[in-house]
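So that you can see what the record holds, here are the features copied from TrEMBL:
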TRANSMEM  129-150  transmembrane segment
TRANSMEM  177-201  transmembrane segment
TRANSMEM  213-232  transmembrane segment
TRANSMEM  270-287  transmembrane segment
TRANSMEM  354-374  transmembrane segment
TRANSMEM  394-418  transmembrane segment
TRANSMEM  430-451  transmembrane segment
TRANSMEM  511-529  transmembrane segment
Amino acid sequence: MGVGVGVGDGVICSKMGIGLCRKLSTSWKKMEKTLNDGVSKSFVGKYFKLEARKTCFTRELRAGTATFLTMAYIITVNATILADSGGTCSIADCSAPAMNQTSTPTPDCMFKQSNVGYQNCLAKTKSDLIVATALSSMIGSFAMGILANLPLGLAPGMGPNAYLAFNLVGFHGSGPLSYQTAMAVVLVEGCAFLAVAAFGLRAKLARMIPRPVRLACAAGIGLFIAFVGLQLHQGVGLIGPDPSTLVTITACDSTDPVTGACTGGKMRSPTFWLGSVGFLITSYGLMKEIKGSMIYGILFVTLISWSRDTAVTYFPHTTLGDANYNYFKQVVDFHKIESTAGAISFSNFNRSEVWLALATLLYVDVLATTGTLFTMAEMGGFVNDKGSFEGEYVAYMVDAGSTVVGSALGVTTTATYIESSAGIREGGRTGLTGVIVGLYFLLSLFFTPLLTSVPPWAVGPSLVMVGVMMMKVVKDINWEDMKEAVPAFLTILLMPLTYSISNGIIAGIGLYVALSLYDWILGLLRRFFKLTKTLVKEHNQVSAAVAAASTSVDPTTVEVV
């Protein structure tokens, strides 16, 4: 009992010998202390203020690792969502019909999984987006750590990516805007956000949005993302179309490649059941607060899906499957961005959809990133009595500037991640944590073949889990007050049901304004009547004074007896 080791150490020491174990433990502690002291007294330690913030290098290393493990899922998840828009792929990339190689492909070729040409284009686009996601995350995390000295990780945000992929560009380009125009919108929004941050207007803009709509927005986006993760092409395939009820449970063993309608037995899809196991792994891990639980669930499903001769394989023996498998076998490869970098066009900025998208993205950016940044600063104990924290202004600038960089690479709004809380809980207190997160994203750039081979049924469960996490804000809505409850509920409801984030936001704000009209009109009437009474009272007082003055006796006219 007096050896000074824990239960886990005791098991190891019983096998190695207590004396040897104690020597190794003491030796390791001395090495760790020497390393920490050396780094703290170096230029790096002084720059990041390790001693001033009562932390050390190894603690920052653990914090950076924890943060990366909890947010690394975004590399494949973001690329999968954005690739569903089709990126820069078009009908020109489709293969000609097999029966007649000279004929022109029809527009429906973009929705057929059997069209090798278009699918190859999608595969290259996904590779581009994986690199763009990792690169923008690396740059944002580096900048936040070095410039603002805060232990925060940045990456393309969940919500804006789904809005762009499914509302603006649409599934495989079926929406109102092209991918190039949508990226131009993100670029302009990033520049506007940078200007807002530079003039210190972020908090003021955030307060202009009704509070119940602000809270409901996060929950609505969470439901929208979860809905995407339950569908066939983007997730586990539990939900599919139905001619009478619009949507229904599917998870079929075979579906129509164009419509997604069920053509086989329901709840018989092997990939769905495999994805469900991955979801349970993630759920159990989060229950036990195991860091990287979402990654473990994705890894389990992905590793099983990499076996070729199974019902759940991601590499079937087809032309496309063989091509994907050959690229996968390279394991290590630095993929050069070919299609998404610089894919920006301002040619369609005269359309109303562009300005609606711009307002929506700016609104979400102002609310989400401002709230996340302040919450993380508060959790780390950086906020002072005045409600501000060291590096606040620079952090807002970095957060906004990262969006501009991301749009140039081909990804949506880059933002501070709430998963940074994992690193803060591990003791991360300086920007060295952010730099370490950036280094991990840098390493991920060299494993594109593996990252592009993550199947949608491995990513889908993580999308559902993101929805679960984003629902917690509903507890802060006052459901007893119908003025708050009705707009909040409509915001949450319409986002997944109309497949549009902007529709939910517009409906929530509009309804809140409509319900507030009664109070506003009543207040105006009260002020009007109060003003009228005041004027009448003053008028009466003036009249009385005039009457009193006119009836009073002038003392010079009084006769003295």
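Placement of Cβ uses the backbone N, Cα and C atoms for every residue, glycine included.
Note: TrEMBL annotation is automatic and uncurated.
Note that the structure is a prediction, hence the values are computed from the model and not measured.
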Leading stretch by Cβ pairs under 8 Å, where the reference is the transmembrane segment (177-201) and the options are 213-232, 270-287, 394-418, 430-451, 511-529: 394-418
Candidate ranges 129-150, 430-451, 511-529 - greatest C-beta contact count to the transmembrane segment (394-418) (under 8 angstroms): 129-150
Chain residues in Cβ proximity to the transmembrane segment (129-150) (below 8 Å; excluding those fewer than six residues from its ends, i.e. six or more beyond): 48-49, 74-76, 78-79, 82-83, 87, 156, 335-337, 340-341, 376-377, 380, 382, 390-391, 394-395, 398-399, 401-402, 405-406, 409-411, 414, 416, 430-439, 441-442, 444-445, 448, 451-452
